[in-house]
Amino acid sequence: MSEALKILNNIRTLRAQARECTLETLEEMLEKLEVVVNERREEESAAAAEVEERTRKLQQYREMLIADGIDPNELLNSLAAVKSGTKAKRAQRPAKYSYVDENGETKTWTGQGRTPAVIKKAMDEQGKSLDDFLIKQ
């Protein structure tokens, strides 16, 4: 809370500050404060009316579903099942390169991600290119 609001919220401090103002100034401040309070009340009542209207509409739709013989929980479950099943998995990329690691095992690499250390070392030290590791089809 800012210092100005702390002053307005404390009656003793407010009285002390009010002694330094004229009555006309205090009345002008009171009018402005009343305007602000009324605006806030209107905003809050409008928000409450929106919530009430939304709740009324939801209840109306629920009653329509029940009248048509549809259980609202069944509808939600079917929507959740459709939503969770929509994410399609993409196919795994085929291997593009083949190499022999330090243990003598033949391994493959798709060409995506970090270059395997064995391939990188061969390219740097032995002057090989990626084409040397291509899988021949």
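Glycine is treated like the rest: Cβ placed from N, Cα and C.
Among residues of the same chain six or more beyond the DNA-binding region (112-117), those with a C-beta under 8 A of the stretch's C-beta atoms are 93, 99, 101, 123. The DNA-binding region annotation in Swiss-Prot covers 112-117 and rests on similarity to another entry.
Feature annotation from Swiss-Prot assigns coiled coil to 22-49. Regional average pLDDT for the coiled coil (22-49) in the model is 96.
Annotated N6-(2-hydroxyisobutyryl)lysine per Swiss-Prot: Lys121, in sequence order. Taking the Cβ of Lys121 (N6-(2-hydroxyisobutyryl)lysine) as centre and 10 Å as the limit, one finds 13 other Cβ atoms among all the protein chains shown.
Helix, strand and coil residue tallies for the region 'Involved in dimerization' (21-63), in that order: 41 helix, 0 strand, 2 coil [DSSP]. What Swiss-Prot lists as region 'Involved in dimerization' is 21-63.
Per Swiss-Prot, the feature region 'Required for DNA-binding' maps to 92-137.
DSSP assigns Arg12 (site 'Interacts with Hha') to a helix in the three-state reduction. According to Swiss-Prot, the feature site 'Interacts with Hha' maps to Arg12, an assignment based on experimental evidence.
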Secondary structure tally of the region 'Required for DNA-binding' (92-137) (DSSP, helix then strand then coil): 13 helix, 9 strand, 24 coil
Neighbour count (Cβ, 10 Å) for Arg12 (site 'Interacts with Hha'): 7
Residue pair Lys121 (N6-(2-hydroxyisobutyryl)lysine), Arg12 (site 'Interacts with Hha') - Cα distance, angstrom, rounded: 79
